[in-house]
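S.K.: Pasting a structure below so you can have a look.
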Amino acid sequence: MKILVVDDDQHIVDLLPVILRNVGFSDVTCHTSATRAFAGLLSATATYDCIILDIDMPDIDGIELCRRIRKVPGYKEVPIIMLTGRRDEISLAEAIEAGATDYVTKPFDVLQIGIRIKLSAKLVRAQHAINYLRLSQDTQPEVPLGNASALTRKEVVNIFSDDLYPVNTPRKSKA
């Protein structure tokens, strides 16, 4: 999974690739400038699979950058996670309205950010599965749409079920 991180805080830019490597993601590109990150995104040969943006940056704020990214072909469905110090509801609403998929506040929990990225990876896989099914429907028009839609919903539920509904493990008693 190809991940883009944009944050003007050098500590975050240094820390996130380490965290992401520890949860299995090594293809991470980091920028401390939103302008340079957007230019790099436009000139990239491959689409990023997940994007992590800070909101408060000096050149372009993360909410505006999110809006711009959503207008780029191929980035309408890519998960965008806002990673910010802002905890107010207005910022959250603006970020979601701009196209953010998720919102994590700083300081963040290392385990939590790892889980959020893993969920984003599952979302990417689910989107690829949906796109594949849509393509197969286009090449096989005799397949009823209702059956294909049910299959898609089932696949999406299966992809996320482990994270949404964790298996309860029995607790060991101290007795």
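For all residues, glycine too, the Cβ spot is worked out from N, Cα and C.
Annotation source TrEMBL lists domain 'Response regulatory' at 2-121. Annotation comment: TrEMBL describes Asp54 as 4-aspartylphosphate.
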S.K.: On the DSSP side of things, how many residues of the domain 'Response regulatory' (2-121) fall into helix, strand and coil, could you say?
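M.R.: The composition, in the requested order, is 55 helix, 23 strand, 42 coil.
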S.K.: If I take every residue in the domain 'Response regulatory' (2-121) and average their pLDDT values, what number comes out?
M.R.: 94
S.K.: Far apart in sequence but close in space: which same-chain residues, 6 or more away, have a Cβ under 8 Å from Asp54 (4-aspartylphosphate)?
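M.R.: Set apart from Asp54 (4-aspartylphosphate) by at least 6 residues yet with Cβ under 8 Å, we have Val6, Asp7, Asp8, Asp9, Ile12, Gly62, Met82, Leu83, Thr84.
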